[in-house]
Amino acid sequence: MIRRPLVALLAVAVLATVTVASAPAAAVAFGAAPAAVRPTAAHPAAVVPDAPQPTPTAVPTARPTDAPDEDDDEDPVRAAEYWLEDYGIEKAWQTTRGKGVRIAVIDTGIGRGPVEFDGAVAGGTDVSGLGTEDGRTPVGAVDANHGSWVASLAAARGTGSGEGMIGVAPQAQLLSVSVGFGAAASVPFADQIAEAIRWSVDNGADVINMSLTTNMPDWPESWDDAFLYAFENDVVVVVAAGNRGSGTTRVGAPATIPGVLAVAGVDPSGNASVEASTQGITIGVAAPSEELIGVSADGTLVEWGGTSGAAPIVAGIAALVRAAHPDLDAANVINRITATAKAPEGVDDAPEELYGHGLVDAAAAVSAPVPTVTEGPVQALQEWIRLYRRAETDPVLPSPAPTTEVVPLPPADEMIRASGPLLPSRDTFLYGSIPLMLLTGPAILVALGVTAAVRRIRLASRTPSR
């Protein structure tokens, strides 16, 4: 495909522009949230940092019906989607376009306005307390369009035959799950994510896309059960790795959760994105994250970037694989994507911290012969929980009481009798004390009799005479 600079689109379509103001990274940020909507003539080497950005000043676009050049009838919007050809997506469409697969987009909500979503959104909900019941009202004062941009990369349906933005899996269905970030949400963020995952699973999601990060490697325990619920129900969970440009210096949850497919970002040449991708050992594959386009909630076309855009490209590829191989479980869908990824030029070892297993190849993931695997996300997360949460350890049975052996007491030592000049010994008691007692007894009686006789004589002598 002849890649036309985006500046050429000005002749037929107006892409939104924005003045980007720097902002600190939020505690919970989009994994590659609106890198920014840039002037179409600007092509810096890396996208603007992915921190929350001001609302773009945008001009709704008139959908192009004519080509900018009489000799070239290719739609300029499609021409800007370089990833469709470069990453084997158009070739994969010869096999499938994702029909029958549902992709849940857990984000700010998919707007109702864009015609690119006509017939694509099969359902939705809000878990933040800020949106509407159907999840179609964009949530957030700054990044409300983010969910629409993400969804358009995954499964936009264009505006006509060969016209308008088209997603990776244009025949897949979308589920819009709106979440809120920051203090404005009435529900804690951790609870929103857990509820969003469960709702997505219960409403038929085959693939879940999460273009967000917490900037922290660990995650709340409530997510253990939520992600395990998705894995046990055979759902592929695709998440963004995060962006260095927004202050994310390391891969954060949910990209660190065992069993998810974490996606890094590369520039149009296939090199790791300096600003729009974070490195880490949990990265599975890499996909385009720069010079992307997206459809805003009001139908405006914008240029943006970050791993928030790389993730839905891979989620779309997962939908293509699921449609082409309906008999495969989530573990083997992920395995086909990682096993068929291509190593970037100059990279020999895989997996690798910048690219994971390599650059995604949709055509190979759909059609190449790939051996099946038997272990996947369920086992990976269960093992992590067992080791680090100690939630699934074997029950500890009470130890049997040790047999008490009664040891006979040692024979008592012979009593040692005390002896001394004032204490009689056995011999002196038998041969001295007893005979002495026999002799002194009568003598005492005689003495008492004599004493009594003497007293009577004295009394008689005192009797007066007459």
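Note: Cβ is positioned from N, Cα and C throughout, glycine not excepted.
If you check TrEMBL, you get these features:
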type	residues	note
ACT_SITE	Asp107	active site, charge relay system
ACT_SITE	His146	active site, charge relay system
ACT_SITE	Ser308	active site, charge relay system
DOMAIN	98-358	domain 'Peptidase S8/S53'
REGION	44-75	region 'Disordered'
SIGNAL	1-23	signal peptide
TRANSMEM	429-454	transmembrane segment
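The domain 'Peptidase S8/S53' (98-358) scores a mean pLDDT of 93 in the predicted structure. In this structure, the C-alpha atom of His146 (active site, charge relay system) lies 9 angstrom from that of Ser308 (active site, charge relay system). Most Cβ neighbours within 10 Å among the active-site residues Asp107, His146, Ser308: this distinction goes to Ser308. Residue pair Ser308 (active site, charge relay system) / Asp107 (active site, charge relay system) shows a Cα separation of 10 Å.
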